[in-house]
Amino acid sequence: MIKAVQSPPTPYLQFSRKQWAALRNSVPLTLTEAEIVNLKGINEDLSLEEVAEIYLPLSRLLNFYISSNLRRQAVLEQFLGTDGQRIPYIIGIAGSVAVGKSTTARVLQALLSRWPEHRTVELVTTDGFLHPNSVLKQRDLMKKKGFPESYDIRSLVNFVSKVKSGTPRVTAPVYSHLIYDVVPDEQKVISQPDILILEGLNVLQSGSDYNHDPHHVFVSDFVDFSIYVDAPETLLQSWYINRFLKFRQGAFSDPDSYFHHYSQLSEQEAVAIASQLWSEINGRNLQQNILPTRERASLILGKSANHAVERVRLRK
């Protein structure tokens, strides 16, 4: 039996990396080194050790929660005398820009789909529900992209509601980081998966975050289990700048890239612009709209240098 680190009363159980890793409990690692390379983000050093010590215990925990949810559904069907319909289990992943949400989402998708039950696991990012650039420009919101007011929150809530209601076929808009915009006439089809992983800055936000567009139902109302990927802001800013520099040498060099003009910058100029973008946009959004949602999460992954998770907090 693994005991959590003793601390003052808190809604969370707290684990060191070593304690959390021990909860893997012989779950086999089904990903190869080559597959892990394909899953990691541009700015991360995702290792087999990280997957084994952090994500395998998490996938085991999620498997328990999902199995419990299925048993609850079976009890309800028995009570009602119905066969019922497949209701997807929704996992939400939130956190700052550059913290590694996408990598966490992709690793969990790969691991959860390989459990013996062979569950169907879909992944959708909330980026697709940003208003198109044409709308953001019209509303003078291009410099607030990722802030609550930049999302078509009603469409996002409608999408998640349909998925959670068991609608056989639901579509989600697709976002391209190359063109920095929603892709016109392109959609991702979601057809009653066993699990939907929803990843985005705004997954845990609620009414107080949308004063500009008051409504009564939010994405978080439909999420069964939520994860917040956390790190000190000094690290987040550093990771953001490093990622910007890598994009400058890679994706930004594509003539079709929205940020192609940044590819001509010197390293010093690129660092200055990335620092400015962080302080004016991403850092502000973190402090005002993202970090305040952290304590709403079911589980918090606390990262240190090199994107390594060093502590885990699990809601009691």
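Cβ coordinates come from backbone N, Cα and C, glycine included.
Here's what Swiss-Prot has on this protein:
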- G95, S96, V97, A98, V99, G100, K101, S102: ATP binding site (BINDING)
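Sequence features annotated in Swiss-Prot and their locations in the structure.
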residue : record           : Cβ within 10 Å
G95     : ATP binding site : 30
S96     : ATP binding site : 27
V97     : ATP binding site : 20
A98     : ATP binding site : 24
V99     : ATP binding site : 26
G100    : ATP binding site : 24
K101    : ATP binding site : 23
S102    : ATP binding site : 21
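Neighbouring residues of the recorded ATP site, listed in sequence order and excluding G95, S96, V97, A98, V99, G100, K101, S102, comprise V229, L236 (Cβ within 8 Å of the Cβ centroid). DSSP classifies G95 (ATP binding site) as strand under the three-state reduction.
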